[in-house]
Amino acid sequence: MTTLAQYLNTNAASPALNDVITTVTDVGKTISQLLRKGALADILGEAGNQNVQGEDQKKLDVLANDLLLDALAKNTHCAGVASEELDDAIPANAEGSLLVLFDPLDGSSNIDINMAVGTIFSILPYQHQGKVSENSDFLQAGNQQLAAGYLLYGTSTVLALTITDNVVMFSLDPDTNDYVLIEENVTVDADTSEYAINASNYRYWRAPMQQYIDELIAGEIGVRGRDFNTRWVAAMVGDVHRILCRGGLFTYPFDTKYANKAGKLRLMYEANPMSLLIERAGGGATDAVNRILDIEPTDIHQRVPVVLGSKNEVDYVKNLHLNYAEK
């Protein structure tokens, strides 16, 4: 039985990376405990304010964010922290060598109905040790990530992590409070018959995405010649976890629902870390035209369309968009 601590000691590229991942996952234990208490800990309901994204914050959004910020500020290897919940990145320790980005509680609308939520994190190198970090230091393409992962708080608490060229999974043992390795080489099947999308936005999508979903709905009587099933957790972390476990496709495509927003999902806090996990498990991740991990960010809260999961299906969606652009 291999614990997370043992795995990191053997596989982490540096003691600094080991320590920062440990800090994040230790906070995950606290968040997991709070979620188990639910209403008994008075953590349900609205916090009464909005985040930088214009979204209403839940009480646990704020609490999870504060727990991560406080813990990382005390970590000497962390030079700065950027959160989906805050306007700007926060400097930590100028001598640190790492930057941490996170979505403290993805899918927080699920909290009050006792459904899956999670914490997503990304770790980048810091290039200016000795100087106070600022927003621009975080503007690195996803292919520069040193580590990425998520904690899924469901019927059990699961950690998915990549620090090498593969993806591993751990489960939090409630008896020992240790993360225990349960899968050491996660792979995503190239083909799938499951897809996840919020179909209520159909009228706002571009024509190739509408065509794609029309084909899936037509199933065996359409051009695809086989049936597909829809799955939707309303939390990216839950949908991506399902894909890592049994394949599938997840997309939150470009839409015109809100002006000046290319998509719903944030590049730095959601798309980049999830894309790294999916690609290293053998899947694909694109904005429907470009590889997500190659996108050069211009803002820490930049939004992008996302299509990720089983590679053959991702490639199919990308080809539909490319063919449409050539017409």
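Glycine is no exception: its Cβ is also placed from the backbone N, Cα and C atoms.
Counting every protein chain shown, the Cβ of ASP103 (Mg(2+) 1 binding site) has 29 other Cβ atoms within 10 Å. Annotated Mg(2+) 1 binding site per Swiss-Prot: GLU84, ASP103, LEU105, in sequence order.
Under the DSSP three-state reduction, ASP103 (Mg(2+) 1 binding site) is assigned to strand. The Mg(2+) 2 binding site annotation in Swiss-Prot covers ASP103, ASP106, GLU270 and rests on sequence analysis.
Positions annotated as substrate binding site by Swiss-Prot: ASP106, GLY107, SER108, SER109, ASN198, LYS264.
Cβ neighbour density within 10 Å is lowest for GLU84 among the binding-site residues GLU84, GLU270. According to its DSSP assignment, LYS264 (substrate binding site) is coil. When the Cα of LEU105 (Mg(2+) 1 binding site) is compared against those of the binding-site residues ASN198, LYS264, GLU270, the shortest separation belongs to GLU270. Neighbouring residues of the recorded Mg(2+) 1 site, listed in sequence order and excluding GLU84, ASP103, LEU105, comprise ASP61, ALA64, ASN65, SER83, GLU85, PHE102, PRO104, ASP106, SER108, THR119, ILE120, TYR269, GLU270 (Cβ within 8 Å of the Cβ centroid).
When secondary structure is read from DSSP and collapsed to three states, SER109 (substrate binding site) falls in the helix class. For ASP103 (Mg(2+) 1 binding site), the nearest neighbour among the binding-site residues SER109, ASN198, LYS264, GLU270, judged by Cα separation, is GLU270. Close to GLU270 (Mg(2+) 2 binding site), meaning Cα to Cα within 10 A, are the following binding-site residues out of GLU84, GLY107, SER108, SER109, ASN198: GLU84.
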